[in-house]
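In TrEMBL this protein carries:
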{"type": "TRANSMEM", "residues": "B:12-31", "note": "transmembrane segment"}
{"type": "TRANSMEM", "residues": "B:43-61", "note": "transmembrane segment"}
{"type": "TRANSMEM", "residues": "B:73-97", "note": "transmembrane segment"}
{"type": "TRANSMEM", "residues": "B:118-139", "note": "transmembrane segment"}
{"type": "TRANSMEM", "residues": "B:151-169", "note": "transmembrane segment"}
{"type": "TRANSMEM", "residues": "B:178-200", "note": "transmembrane segment"}
{"type": "TRANSMEM", "residues": "B:220-241", "note": "transmembrane segment"}
Amino acid sequence: MEKSSGLQHRPGRSLWVCALLGAAGMAAVDEIVFHQILAWHHFYDRSTPSVGLISDGLLHTAELVGLVAGFALFADLLRRRALSTAHAWAGLFLGLGGFQLFDGIVDHKLLRVHQIRYGVDLLPYDLAWNGAGLLLLAVGAVLTVRARR
Amino acid sequence: MPGAHHPQVALVEWVIAAGAAAAVTAYLLAAARLRRRGDAWPVLRDLSFLAGGGALVWALLGHLPGGPFTAHMAQHLVVAMAAPLSLVLGRPLTLLLRVLPPRGTRRTLLAAARARPVRWLLFPPAAAVLDVGGLWLLYRTPLAASHHPLAQVHVLLAGLLFTFAICQLDPVRHRWSLAWRGLTLLGAGAAHAVLAKSLYAAPPPGAVYAATDLHTGSQLMYYGGDLVELALAAVLATQWYRATGRVLRRSTMATRRTVSAE
């Protein structure tokens, strides 16, 4: 990556910057919608192992830093007129789906940070959650293939 | 802490508040002197420093809402995180170095700012350990229940040191890279979030709080910390954006020169 070559499309960078924005954005949506508005996710779940608490803290801070860094990198791409729109959309969907699936499988199931909702049969919720993640990832994959053509 | 009413703690809080008021007065006088001399000094810096000092006085002497733990956390957020950020954004060291006469105090201050131990104190991970590490000691050892009058002083100074090291706006000899500062912010933020969540489940040893107070206070610590971390990240992102912008402008100008020379 040469920094001096302004005014040239940078597809790879467009893709990963928007994937970062997508993942951090999805984490923010999770925090706002499921923790705060619906209050389905619990702030603290007593069955969480300490490794789950630590990874949750790291991921939560990474979401904040990633969101700000993503915006700065995106603004930089625009300033250089280096944004490849097709790759940007592909990256965004890959990021959205990637985080949703990671959250559904690693956070909810492996690390047991918290469950989607409490006092209900979890199976349909888990299927819908991870299915949505897979769908978003699939859209991202299709868009990536189309962007590369 | 419930120790807010201990006479020694109250005395220390009055001393810090008086110090903050004096610092703000000195800052505004110095900035005014600079402007009279014809130097440019953005008003936003004055406002930022004023807001930081004002917030400090309010958090130390004012009446904070909520139960004892929630009120303590609100105080902690202002004294250790928000006020230091606001004060550091005012670039007090730069102002001081500009306004002092070249010899005497200025020379000593500059030598101190460039001394080797200061360089390591401003190494972002070291500053983070002093800041967040101290917080873990405060909340996870019996220290919290001892109401040590100097705890508040440590929290403020460590907060200032951490913010100063992360933002790196004032002139010091060694500049740590964006990667060091960004990764430190990430680690410190994570440690802060984990501590906040652990306080939700268990209060500091030796302290007793109502469950709702504990839950509100720990969530205030978690989400309040987020806001300050977002602001710190925005400071770093702005620095990066401006620095790359300068490089970009130089390289496009250089290209134009070569093209027109051909």
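Just so it is clear, glycine is given a Cβ too, placed from its N, Cα and C backbone atoms.
Sequence-distant contacts of the transmembrane segment (B:12-31) (same chain, at least 6 residues past either end, Cβ-Cβ under 8 Å): 4, 41, 45-46, 49-50, 53-54, 56-57, 60-61, 87, 90, 92, 95-96, 99, 149-150, 152-153, 156. Each of B:43-61, B:151-169, B:178-200 was scored by its Cβ pairs under 8 Å to the transmembrane segment (B:73-97), and the highest score goes to B:43-61.
Under 8 Å from some Cβ of the transmembrane segment (B:178-200) lie the Cβ atoms of residues 123-125, 127-128, 131-132, 135-136, 139-140, 162, 165-166, 168, 214-215, 217-219, 221-222, 225-226, 229, 232-233, 236, 239-240, all in the same chain and six or more residues away from its ends. Packing against the transmembrane segment (B:220-241) from elsewhere in the chain are residues 66, 70, 73-74, 76-77, 81-82, 85, 89, 163, 166-167, 169, 178, 181-182, 185, 189, 192-193, 195-197, 199: each is 6 or more residues past its ends and has a CB under 8 Å from a CB in it.
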